[in-house]
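Structure first, commentary second.
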Amino acid sequence: MKKKPFYKVLYVQVIFAIIVGVILGHFYPALATDMKPLGDGFIKLIKMVIGPIIFCTVVTGIAGMEDMKKVGRVGGKALLYFEVVSTFALLLGLAATHILRPGVGFNIDPATLDGKAVASYAAKAHGQSTVDFLLHIIPNTMVDAFAQGEILQILLIALLFGSVLAHLGERGKVVTDFIDGLTRVLFGIVHIVTKLAPIGAFGAMAFTIGKYGVGSLVPLLKLIGTFYLTSIVFVLVVLGTIARVTGFSIIRFVSYIKEELLIVLGTSSSEAALPQLMEKLEKAGCSRSVVGLVVPTGYSFNLDGTNIYMTMAVLFIAQATNIELTWMQQLTLLAVAMLTSKGASGVTGAGFITLAATLAVVPTIPLSGMVLILGIDRFMSECRALTNIVGNGVATVVVSAWEKELDRNKLRQALTGGGEVKTTEAAGV
């Protein structure tokens, strides 16, 4: 197959767009902030098809299962994996902040902090209890779930729909074939929309730099650097070890999904790359049923980057305000973070709301301390989203391997750049 000119490769276009966005935001901030609709529009185009794609993928995957017990088995293994790896992420964030101490030296008096800027986040977090979260999974109507784009609600509907089709067998084949055909159409739409990724990345990055400015990063560079370094260590060491045990290289896997990562980098939303990630994982040898169950669930239950961020941000605020936390308080923080992190999603800003929910149950630390990181949260959200998407990709491969539904030949071909897996134009490799 003839190799594309480098300027036609999607990830090259996205890199160029991000660089141009940074330059425009730095030198022409007023004009750059007007570029926000470009980023918002791209994310809306992607979110437009996320719900239907999840529904169709899960339904066809479950409908094709001969053993319905497999649905519960796959879900159980995925949740077990999520909890174990999420705990590692929380502990790593805690340990890194203790070792590098990014908040030491600020010496801020909590009484001087104005909490008005974070009041809206605190209000949203206050209403998020575990019971509310579980009840929220049940939609008011099927139509409402799709209209609001609620991933877990759509997943619940798809599980029920697919289970009934599997029970019907041949009698439901017409519906299954229709949904399978619809899946192909939806991924075709994604391929078209993905071509607009450079425009979306340019708009989102230009707005971010134009609104907040590079200068806003300087006082808190140590925290940003600590977070990025910790996330890299998590991907290379924790996820890298898991990948090696499973039989693949984390470096090659990251390279394989580089286009999706660059889209996430430009938009700060891991949801922006969800459809492409699901397709890439199928092409890498993961079964459709496992992809359909693990990836959407992971977007609420397996947010490794958000977990690192939460424990690190809480300890940073404590260090900056000279508040000492006992080990018992830190263990309580871990336990609470395990619950509150499940309410976060792949959308920009959700991590900050989750942080507010976590701080609310640690009364020693003032909620107003969140203003210290409000200005840089937007710059940290990119790293959160990047870590989240890599974590969900690795989780899907691992669960597929556990289920013995991983085509290792396809995986090897995908990660080494050989074979048929790169024939799809959207793959860009």
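Just so it is clear, glycine is given a Cβ too, placed from its N, Cα and C backbone atoms.
Long-range contacts of the transmembrane segment (9-29) within the same chain, counting only residues at least 6 positions beyond its ends with a Cβ under 8 Å from a Cβ of the stretch, are 35, 194-195, 197-199, 201-211, 213-214, 258-259, 262-263, 265-266, 426, 428. Marked as transmembrane segment by Swiss-Prot on the basis of sequence analysis: 9-29 (among others).
A Cβ distance under 8 Å defines the sequence-distant neighbours of the transmembrane segment (45-65), meaning residues of its chain 6+ beyond its ends; these are 71, 145-146, 149-151, 154-155, 157-159, 161-163, 165-166, 172, 176, 179-180, 182-183, 186-187, 189-190, 193, 196, 271-275, 278, 287-293, 296. Sequence annotations record features per position, and here Swiss-Prot assigns transmembrane segment to 45-65 (among others) based on sequence analysis.
If you look up Swiss-Prot, you'll see 79-99 (among others) marked as transmembrane segment. Here the transmembrane segment (79-99) has long-range neighbours at 226, 229-230, 233-234, 238-239, 242, 297-298, 301-305, 307-312, 315-316, 319, 330, 333-334, 337-338, 341, 391, 395, 398-399, meaning same-chain residues at least 6 beyond its ends whose C-beta is under 8 angstroms from one of its own.
The transmembrane segment feature in Swiss-Prot is assigned to 149-169 (among others).
Among the features that Swiss-Prot reports, transmembrane segment is placed at 185-205 (among others), with the record citing sequence analysis.
Here the transmembrane segment (223-243) has long-range neighbours at 85, 88-89, 92-93, 96-97, 100, 102-103, 217, 249-251, 253-254, 304-305, 308-309, 312, 316, 373, 376, 379-380, 383-384, 386-387, 390-391, 394, 397-398, meaning same-chain residues at least 6 beyond its ends whose C-beta is under 8 angstroms from one of its own. Under the heading transmembrane segment, Swiss-Prot lists 223-243 (among others).
Residues or ranges marked as transmembrane segment in Swiss-Prot (evidence: sequence analysis): 308-328 (among others).
The transmembrane segment annotation in Swiss-Prot covers 356-376 (among others).
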